[in-house]
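Engineer: Attaching a single structure in structure tokens format; questions to follow.
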Amino acid sequence: MGLEDEQKMLTESGDPEEEEEEEEELVDPLTTVREQCEQLEKCVKARERLELYDEHVSSRSHTEEDCTEELFDFLHAKDHCVAHKLFNNLK
């Protein structure tokens with residue numbers, strides 16, 4: 001193999017940086033579906049209840065209350081929506 005052959009192989013193989021630019025940026029479908037589900041009325045209401053209760057609990061200096069129930073309600077509403085939509089988006 002001569003010097004010319006080596007140079008030809010280097011130019012034909014392409015630059016790895018160019019190949020990376022040509023590839024599409026992959027987007028996680030789970031993230032996309034979660035964002036869509038958070039916009040639904042049921043999730044919006046659950047988030048509003050969570051934020052309202054969080055403000056209530058945070059305003060008190062000494063309290064044993066927490067927002068666990070409201071957090072679980074919000075996550076349940078969002079996950080319920082995601083479960084129905086996610087697999088339709090997979091290839």
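Including glycine, each Cβ sits where the backbone N, Cα and C put it.
Under the heading transit peptide, Swiss-Prot lists 1-13. Among the features that Swiss-Prot reports, region 'Disordered' is placed at 1-30. Per Swiss-Prot, the feature compositional bias 'Acidic residues' maps to 14-27. Swiss-Prot lists C37-C81 with the feature disulfide bond, giving similarity to another entry as the kind of evidence. The N6-acetyllysine annotation in Swiss-Prot covers K42, K85.
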Engineer: List, in sequence order, the same-chain residues at least six positions removed whose CB sits under 8 Å from that of C81 (disulfide bond)?
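Structural biologist: Spatial neighbours, sequence-distant, of C81 (disulfide bond): V33, C37, L40, K42, C43.
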Engineer: For K85 (N6-acetyllysine), which residues in the same chain are close in space, meaning a Cβ under 8 Å from its Cβ, but six or more apart along the sequence?
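Structural biologist: Looking at Cβ-Cβ distances below 8 Å from K85 (N6-acetyllysine), excluding near sequence neighbours, one finds V33, Q36, C37.
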Engineer: Counting Cβ neighbours within 10 Å across all chains shown, tell me which of the recorded positions C37, K42 comes out on top.
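Structural biologist: Per the Cβ count within 10 Å, the most buried is C37.
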